[in-house]
Amino acid sequence: MQKLKQQVFEANMELPRYGLVTFTWGNVSAIDRERGLVVIKPSGVAYETMKADDMVVVDMSGNVVEGEYRPSSDTATHLELYRRYPSLGGIVHTHSTHATAWAQAGLAIPALGTTHADYFFGDIPCTRGLSEEEVQGEYELNTGKVIIETLGDAEPLHTPGIVVYQHGPFAWGKDAHDAVHNAVVMEEVAKMAWIARSINPQLNHIDSFLMNKHFMRKHGPNAYYGQK
């Protein structure tokens, strides 16, 4: 697990590097599907002092199997998503400014241009709010459940992120670094959408044919973006 702990540590350290977190906010995890174990950031440990060996290993029930610290308080959310979507290899949660603003506004981040379409096939959805019962109960688990309720059976890697109403963004990917990459892009397109709608409140969504072209040339069966 040492290699995966190193990867998760490096991915967590990318969050302050890209300006996605303040203080100890945010967390990244990754899963070893063969072993049924998840590596995740410890709760409340400062990025400035954090080391790879500080990463916490939990099983799919959330029991700590390796590590000196308590795992992230959002661990149950991560585990619920891993259980539901086998294609996920890494998950990240932040409170990045612009994506969180859309979450607080209770609005999906609209697909307005090709930057968005290169990564997200359609709007980045916003969940419903959690009920008082859901918050007072197993809050973090129910956060995962409301994300799943919103995504349904859609392939999560086609829209690798979501904003949780009144909370903030979650993103995911094939591994921890891919999840952080998508979180960075989500923050950027959230900012772009806010600026674009401020300039033109009547702005329409990107044309579907243009969105399809940009997404499929990077992610479709006949993708040709980049090098083989």
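Note: Cβ is positioned from N, Cα and C throughout, glycine not excepted.
Residues D74, H93, H95 are recorded by Swiss-Prot as Zn(2+) binders, and the candidate that the same record lists for that site, out of H116, H158, H167, is H167.
Ranking the recorded positions D74, H93, H95, D118, Y225 by the distance of their Cα atoms from the Cα of G44 (substrate binding site) places D74 first. Under 8 Å, Cβ to Cβ, and six or more positions away along its own chain, D74 (Zn(2+) binding site) finds N27, H93, E140, T143.
The most densely surrounded of the binding-site residues G26, G44, judged by C-beta neighbours within 10 angstroms, is G26.
Non-local neighbourhood of H167 (Zn(2+) binding site): T100, A103, T143, each in the same chain, at least six residues away, with C-beta under 8 Å from its C-beta.
Counting every protein chain shown, the number of other Cβ atoms lying within 10 Å of the Cβ of Y225 (active site, proton donor/acceptor) is 11.
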